[in-house]
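Peer 1: Feature annotation from TrEMBL assigns K(+) binding site to ASN60, ASP131, SER167. Taken from TrEMBL, the feature AMP binding site covers LYS483, GLY484, ALA485, GLY486, THR487, GLY512. The domain 'YjeF N-terminal' annotation in TrEMBL covers 9-221. Under the heading domain 'YjeF C-terminal', TrEMBL lists 289-572. Annotation source TrEMBL lists region 'Disordered' at 253-279.
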Amino acid sequence: MRLVTAQEMGAMDQIAIKEYGIPGVVLMENAGIKVAEVVVSLLENLTQSTIIVFAGKGNNGGDGFVVARHLHNRGAKVQVLLATEAEKIKGDALINLNIWRKMGQRIYQVNKNNDVNLVRLALMKADLVVDALYGTGFKGTVPDQMVPIIEAINACGKPVVAVDIPSGLEADTGRANGPCIIAKNTVTFAIPKLGLVLPIARQYVGELHVVDISIPATVTASETIYGDRSITGKTSDEVNAGKGKGMVKSTCVEDGKGGKGPGINKHNKNMGASTGDGSSAGGNRYLITDQLVRGWWPKRTGNEHKGNFGRVLVIAGSRGMSGAAVLASQAAARSGAGLVTLGVPTGIHDIAESKLTEVMTFPLPQTDRGIISKSALESILSRASNSDVLALGPGLGTGEDVTDLIKEILLHIKIPCVLDADALNALAGKTELFAAVQPDLVLTPHPGEMARLTGRTIPQIQNNRLGVAATKATQWGAVVVLKGAGTVVAGPDGSIYINNTGNPGMAAGGSGDVLTGIIAGLLAQGMQALPAAAAGVYLHGLAGDAAARDKGMASLLAGDLLEHLPSVLKTVE
């Protein structure tokens with residue numbers, strides 16, 4: 001599902017109005033009807049319900065007037081509280097305000113500080129509240145006179161339905177820089193706004209409903225990004241004036257299979273880079289959904305053998321870290337790879353072999369510290385020559401031998417690689433190697449590993465997850481999987497995929513090793529690097545959610561993800 005900024009959505013609205021001839025008041029009517037339908041679905045007895053609609057001065061307030069009218073027509077008791085002077089209402093919003101008045105309905109102005117008592121009194125009688133104060137164009141903090149109104153709404157204990165976006169929330173960043181409506185449901189129009197799906201916004205958004213307001217599909221389905229200067233070099237006004245000139249089309253992976261294709265382009269390193277926040281970081285943005293993953297999923301016709309589903313080579317483990325190697329290789333096998341082979345230090349080979357029945361294992365020379373020796377390079381490259389994907393890093397350990405070994409592998413490897421954990425730590429300060437790797441490269445850092453790779457602090461990473469991931473993916477010519485709540489998957493073409501599956505119970509040792517194996521398994525079956533990574537994090541999170549429902553979050557183990565992975569994969573096959 002595509003994600004857009006407020007500016008991009010506004011440009012789409014203008015295209016629908018100016019180029020397709022759809023009056024803005026029609027779009028407003030459609031929006032209000034859809035919100036009203038959601039409200040009706042939430043109330044057991046509409047005709048016995050009192051609904052308070054808070055309206056602002058812009059088009060969001062106009063949507064609120066439409067919502068009020070349709071709920072009134074269906075028998076609800078509706079009060080409209082206007083948080084501005086009525087004289088400030090203009091355009092399509094004024095049309096709908098006048099309709100409300102001509103129906104014999106009152107509005108109550110609550111735009112002064114001493115009006116908060118009226119607000120509280122109305123809320124006491126309400127069964128549900130509709131928030132139509134501010135729309136997606138809002139940035140910064142709400143005015144002082146609005147603070148007590150928002151605080152009263154949040155304190156009333158009644159369910160709130162936000163129109164397009166909770167008031168006080170920034171559509172592009174998901175940040176609330178001051179008081180913000182805490183909605184139980186948010187009804188957003190046409191396409192989700194980027195900020196609504198970010199983890200930082202979840203407490204305000206509640207359940208997100210994406211509704212069609214009849215903007216033509218040729219506009220909303222277009223992969224062309226409108227109106228963002230950081231991407232097109234033009235403002236939305238300039239783009240609209242040019243009727244499409246200057247628009248940039250960035251690649252969206254559709255089938256996700258075969259070769260490099262549009263999924264990763266290591267030689268297009270300047271496309272879509274940005275140093276700003278996630279709203280302008282890269283090209284098109286998507287929320288990973290079942291529909292996307294099903295479209296990417298490798299289909300089986302019935303005429304295949306195990307060699308058709310790819311060979312994964314896992315190089316992992318060290319003394320005391322056999323579990324990481326086992327989890328990664330099991331995950332690759334569970335994800336559908338035809339053959340999985342695990343190479344581990346000699347000292348833990350017997351342990352790994354005893355735990356694995358479906359995975360082949362082989363020993364590698366080790367140092368006195370029990371980590372793989374750099375003398376293992378020839379053996380690893382030989383095995384890689386008969387493999388389709390390399391997964392490198394889980395539990396490898398640290399030290400000069402590890403660093404030297406990984407550097408040499410990357411300089412000589414000819415198959416796609418998934419790098420995780422200690423493979424990433426070994427390359428801190430040496431990230432120029434990423435651009436030198438010829439095959440597809442998937443990097444799976446958590447915030448701490450990303451901080452080491454970039455020379456930034458963890459707070460700097462966390463405060464700009466989309467921007468950092470997109471910029472580094474472009475710079476390094478790799479797919480970057482920045483793990484954490486709302487995992488970000490960024491491609492070198494500037495595309496960004498955001499994941500909303502998973503739960504806090506997955507913050508446990510070994511969970512990342514499972515993800516590495518899943519991505520490697522999908523790559524082995526012919527998926528391109530970007531969709532393999534995006535599908536991998538989505539399925540990894542779904543398995544975690546299934547495990548949490550079964551066992552609870554507190555006791556969740558990485559092995560529980562493997563246990564639930566088969567049932568999750570069945571849903572997308």
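Cβ from N, Cα, C; glycine included.
Keep in mind the model is a prediction, meaning the values are calculated, not measured.
Each of the listed features needs to be described in terms of its position in the shown structure.
Peer 2: Remark: SER167 (K(+) binding site) has PHE54, GLY56, ASN60, ASP131, LEU133, TYR134, PHE138, VAL142, MET146, ILE150, CYS180, ILE181 as non-local neighbours, by Cβ distance under 8 Å and separation of at least 6 in sequence. DSSP assigns SER167 (K(+) binding site) to coil in the three-state reduction, outside any helix or strand.
Its Cβ taken as reference, LYS483 (AMP binding site) is surrounded by 26 other Cβ atoms within 10 Å in the chains shown.
In this model, the domain 'YjeF N-terminal' (9-221) carries an average pLDDT of 96.
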Peer 1: Setting LYS483, GLY484, ALA485, GLY486, THR487, GLY512 aside, what same-chain residues sit with their Cβ within 8 Å of the center of the Cβ atoms that define the AMP site, listed in sequence order?
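Peer 2: Leaving out the recorded residues gives HIS446, LEU482, VAL488, ASN499, GLY502, VAL537.
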Peer 1: Given the binding-site residues ASN60, THR487, which one has the fewest other C-beta atoms within 10 angstroms of its C-beta?
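Peer 2: If we count Cβ atoms within 10 Å for the binding-site residues ASN60, THR487, the smallest count is at ASN60.
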Peer 1: Across all the protein chains here, work out how many other Cβ atoms are within 10 Å of the Cβ of GLY486 (AMP binding site).
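Peer 2: Total other Cβ atoms inside 10 Å, all chains included: 22.
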Peer 1: Taking the mean position of the Cβ atoms of ASN60, ASP131, SER167 as the K(+) site, which residues outside that list, in the same chain, have a Cβ no more than 8 Å away, listed in sequence order?
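Peer 2: The surrounding set, listed in chain order, is PHE54, GLY56, GLY61, GLY64, ALA132, LEU133, TYR134, GLY135, ALA162, VAL163, ASP164, ILE165, PRO166, ILE181.
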Peer 1: How far apart, in Å, are the two Cα atoms that lie farthest from each other among LYS483, GLY484, ALA485, GLY486, THR487, GLY512, the residues recorded as binding AMP?
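Peer 2: Maximum Cα-Cα distance: 14 Å.
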Peer 1: Quick one: among the binding-site residues GLY484, GLY512, which has the most Cβ atoms sitting within 10 Å of its own Cβ?
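Peer 2: Neighbour-count leader: GLY512.
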